[in-house]
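For reference, the structure is listed below as structure tokens.
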């Protein structure tokens, strides 16, 4: 999605989360509690056994972060493959493993991916495997790295150093709880995941307080999950839901409050887990094999269409209301009315071809799309490449790929007009309508996955970025309030895995992956020279 650059005096676009709604809509206010590890543990221990299984994201989403004066982009990188990763050993915060040759190569790939950016500072875990990864990525930059013990991997106490089968044999029920109910997992008198969430909050306090605009953070799988989750207000029940692969890159954008006052910044997850390797390659999700998958493909750039994500739209209109620049209804109409209904531009065609190539080695069962022109064009390109994938030799049988169009993936036609002052109640207007419609689309996609005749099924859904943001919200069991916390670009893909099938909980393998677009990919970081906004 191509963002409209704001005037220098305006806050950067694509930075918003539901904290805006919390401040402006009293119906959505919750009790604010401390997020320190000790207070979280005390609060949760007071709950009944049933409540413990429903640790509330509200505990984290309403605790304020330090205010900031300028936009800040934070890039999270997990360390490369380590010797204990390779052995299948439980590492935790132990410091006995080092990078393998593959891990060193992954770190070098990440270095190349980030070589042209202008990071102001690097925060690193002090553990060898992470610190070495940071050193490779940081390269010859003159600024010293900052090591922070709060960025160490999750503390797993007696589990650390054991092979997984040894942990199962030695700890039995405790190991099973670690696998299926990590948020309530208790070992040696500790709740590791709850402690980790508290550490992540402490890390954000330090990162946001640092005088920098562009920040690199190199750490570990679990702590990076906690950093992403606490940033956008998700609780410990989301552990192992937002995947972090070796050297996977995630990006978070922070923007100061529009009114210029103190208070938590607006926060947007720009991308999740952009990996050195293909995000659709065979693998596991949170340590479990998956045979059911939904791949969300945002349609390519359109001819003359202005494409702005949900959080960009909200910030833009908010600024307009404050400054009285122009009618927000016109902004909305220009943004959403026909962006996906235009045919794709040459860039969009290239994006569709690159996306089809990325999906080439997958045996896609069904492609569903919005009936809009750009979505149908992209779906058709993917289908043709899929059907021809096994027909490059003399003897071949074409694949059969089912194609469908579902109107619920079309977000623009049924979104109601915006009314003046709608920001006090927009969850009851445009966003609630979009959310309701996306719920129907989500159920349709789950129904596609539920075909018992096909034990392995991959469904590709092609639609507008706005509807895909809502679909990810449904996957995460969130509400419409969280829609401004995510960002998608034109031509991007997001991968949702279902290790327990479509009736189970989905995990997010990646969000807004664009590396497959090559020279047309969206930069992970952007220059801050001449005070350019992110």
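Going from the start of the chain as shown, residues are counted 1 onward.
Each residue, glycine too, has its Cβ placed from N, Cα and C.
In TrEMBL, annotation is done automatically, which means it is predicted and not curated.
As recorded in TrEMBL, the features of this protein are as follows:
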type	residues	note
BINDING	78, 79, 80, 81, 82, 83, 84, 85, 129, 164	substrate binding site
ACT_SITE	79	active site, tele-phosphohistidine intermediate
ACT_SITE	153	active site, proton donor/acceptor
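On the backbone, the CA of residue 80 (substrate binding site) and the CA of the residue listed as 'active site, proton donor/acceptor' stand 14 Å apart.
The Cβ of residue 129 (substrate binding site) lies under 8 Å from the Cβ of 79, 80, 82, 97, 98, 99, 103, each of these being in the same chain and 6 or more residues away along the sequence.
Note: the Cα of the residue listed as 'active site, proton donor/acceptor' and the Cα of residue 78 (substrate binding site) are spaced 10 Å from each other. Of all Cβ atoms in the protein chains displayed, 33 besides its own lie within 10 Å of the Cβ of residue 79 (active site, tele-phosphohistidine intermediate). The Cβ of residue 84 (substrate binding site) lies under 8 Å from the Cβ of 90, 91, 94, 96, 97, each of which sits 6+ residues away along the same chain. Taking all protein chains in view, 24 other C-beta atoms sit within 10 angstroms of the C-beta of residue 153 (active site, proton donor/acceptor). Sequence-distant neighbours of residue 78 (substrate binding site): residues of the same chain at least 6 apart with a C-beta under 8 Å from its C-beta are 218, 219, 220, 221, 224, 244, 245, 246, 247, 248.
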